[in-house]
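Inspection log for the structure reproduced underneath, given as structure tokens.
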Amino acid sequence: LAMGGNYTQPKFILLGITDTPWAQAPLFVLFLLIYIVTLLGNIGLMVLVWVAPSLHTPMYFFLTHFSLADVCYSTVISPKMLTDLLFGDKTISWAGCMTQFHLFALFVTAECHLLAAMAYDRHVAICHPLSYVLVVSPRACWQMVAWCYLVASLSALLYTGCTFGGSFCRPNHVDHFFCDASPVLRLACSDTRGCEAAIFALAAANGLGTSVVILLSYGRILHAVLGTSSAPSRARAFRTCASHMASVAVFYGSLFFMYLQPASRHGSQDKVASVLYTVVSPMLNPFIYSLRNREVKAALGRCRRRVLNL
């Protein structure tokens, strides 16, 4: 890592969420509990879908990949954040910083596209039930998931190249709890306006493109359900769509706040927004998207009875 002049400085220092000593221990306990719940909820859902034949459907196929993305990008962020809070050693190597950002960008971008695929799946299931088996076939499901990971991989390469492609000559303090684009680019010696514009354009393409698919899909679902179903069915569909859209609003709202604003407007509030989509959202998603469903509750009951019989 060239840091100007003729010397190198191969490490960054993450300033973390707060530098207040008395807050370190409570935050460690809080985020450790959140991370444990995140792992238990998402991995538990993946195992349940794997062992329960009744959940071998396109919707839960997408949900398992969604849970996998939650586990992966939460794990990219949380363990380092927890060790920093516990031990106070907030250094990270240049390679470690770049790897952390690259994996984070990959899985967050994949999650955006998986959310769009899940919304499209529900749209076809409710609005076009007769053609659902043909449109959302196993082959089509694998193609959509492959597309999600392909776009995410290419996007992550571009994000990482734009963020770490220049030289760094300023103090190596990253004002964040993980290596994100904006705080890292503030340390660059060279002009970063082109990189910032490229990151903005790519984030807009991924974020706005997938959010439009999600909004249109849920809009069509609500229109179809409100027009044809009974009052109890309408209420149930509205509650389901409302909870899903609330989760999407928190996730996309915090992402848009972080990546679709000028670099000059970034500040300390960025850390709050980052906590929402890196820590809180992965914990809530299993409960919002699956554990309230009757199919999942029934599968849990059958698995519990099977274990008790053994």
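Counting begins at 1 with the first residue displayed.
Cβ atoms are placed via backbone N, Cα and C, with glycine included.
The transmembrane segment annotation in TrEMBL covers 27-52, 59-81, 101-120, 140-159, 197-216, 237-260, 272-291. Taken from TrEMBL, the feature domain 'G-protein coupled receptors family 1 profile' covers 41-289.
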Ranked first among 27-52, 101-120, 140-159, 272-291 for CB pairs under 8 angstroms with the transmembrane segment (237-260):
272-291
Looking at the domain 'G-protein coupled receptors family 1 profile' (41-289) alone, can you tell me the average pLDDT?
88
Cβ contacts under 8 Å made by the transmembrane segment (101-120) with residues that lie 6+ beyond its boundaries:
59, 62-63, 65-66, 69-70, 72-73, 76-77, 144-145, 147-149, 151-153, 155-157, 159-160, 163-164, 178-181, 184, 206-207, 209-211, 213-214, 217-218, 244, 248, 251-252, 255, 277-278, 289
For the transmembrane segment (272-291), distant same-chain residues with Cβ under 8 A (at least six beyond the ends):
17, 31, 34-35, 37-38, 41-42, 44-45, 60, 63, 66-67, 70-71, 73-74, 77-78, 104, 108, 118, 176-178, 180, 243-244, 246-247, 250-251, 253-255, 257-258, 297
